[in-house]
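Some notes on the structure that comes next.
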Amino acid sequence: MDAKKLAAESAVEYVEDGMTVGLGTGSTASWAIKALGEKVKAGLHIQAVASSVASEDLAKQYGIQLTDFSELSRIDVTIDGADEVDAQCNLIKGGGGALLREKIIAYNSSQFIVVVDESKLVRTLGKFPLPVEIVPFAAELTLKQLKNLGCETSIRQKDGKNFVTDNGNLIADCFFNQIEVPELLNNSILLIPGVVESGLFLHPKVHRVIVGYADGTLHLLKGDKKK
Ligand SMILES: O=C[C@H](O)[C@H](O)[C@H](O)COP(=O)(O)O
């Protein structure tokens, strides 16, 4: 069985009738959206908010009711993937470029559930290039400031052009190799004018991490088992 699918489907068990659900982005989060869609078809009542245009389209396709942010009083649970998860459950996210909307939704969720396969587990973050969303204005200057923090960085490309996020911004992929203190690095990145958000998601905001393994088993790296 696909380990990403396994983790995503087990996270959907935490969604209850009447909840407002945050929908993540990426291949793992897509499994969760599809599984939620099946539950909705079977009678589950939820409303959802999506962290990307792609996830919004997928949710619509699966008959999940989407709600406007202005009408939201709370987000009960968000299910999303990650590119790396360290031993403390800090994350790198944004491999698909959705980190800003993902972070806003995760930050405002009572429960943020991360679903990954075992390949995402690392001792120290940083082998995966850290995505940083930056505004297009004077992007070269912002890149220079990011480089001063000790990384190699370049603007993400797609089909021979700059990749543009759902928010009209660019992504600087920053190769740190080893991120020893994610909190400090996150603070330093956020101080640079031109930076909108970093792909570092710090552990206090990560409530549950579910890891799927290729042999069909699951491991709860963080959080309590469902009662
Ligand atoms: O911007 C994309 C997101 O942060 C994804 O959740 C992350 O890249 C993991 O994606 P996947 O589940 O496809 O490995």
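For all residues, glycine too, the Cβ spot is worked out from N, Cα and C.
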Among Lys41, Lys60, Lys120, Lys127, which residue does TrEMBL name as a further substrate binder in the site formed by Thr25, Gly26, Ser27, Thr28, Asp80, Gly81, Ala82, Asp83, Lys93, Gly94, Gly95, Gly96? Lys120
So which binding-site residues out of Asp80, Lys93, Gly95, Lys120 are up against ligand 1, CB under 6 A? Asp80, Lys93, Gly95
Need one number for the substrate-binding residues Thr25, Gly26, Ser27, Thr28, Asp80, Gly81, Ala82, Asp83, Lys93, Gly94, Gly95, Gly96, Lys120: the maximum pairwise CA distance in Å, whole number please. 15
Rounded to a whole number, how many Å is the Cα of Ser27 (substrate binding site) away from the Cα of Glu102 (active site, proton acceptor)? 14
For the substrate site (Thr25, Gly26, Ser27, Thr28, Asp80, Gly81, Ala82, Asp83, Lys93, Gly94, Gly95, Gly96, Lys120), what does the 8 A shell look like? I mean other same-chain residues with CB within 8 A of the CB centroid. Gly24, Ala29, Ala98, Glu102
If you run the three-state DSSP split on Lys93 (substrate binding site), which class comes out? coil
Rounded to the nearest Å, what's the C-alpha distance separating Thr25 (substrate binding site) and Glu102 (active site, proton acceptor)? Just drop the number here, would you? 8
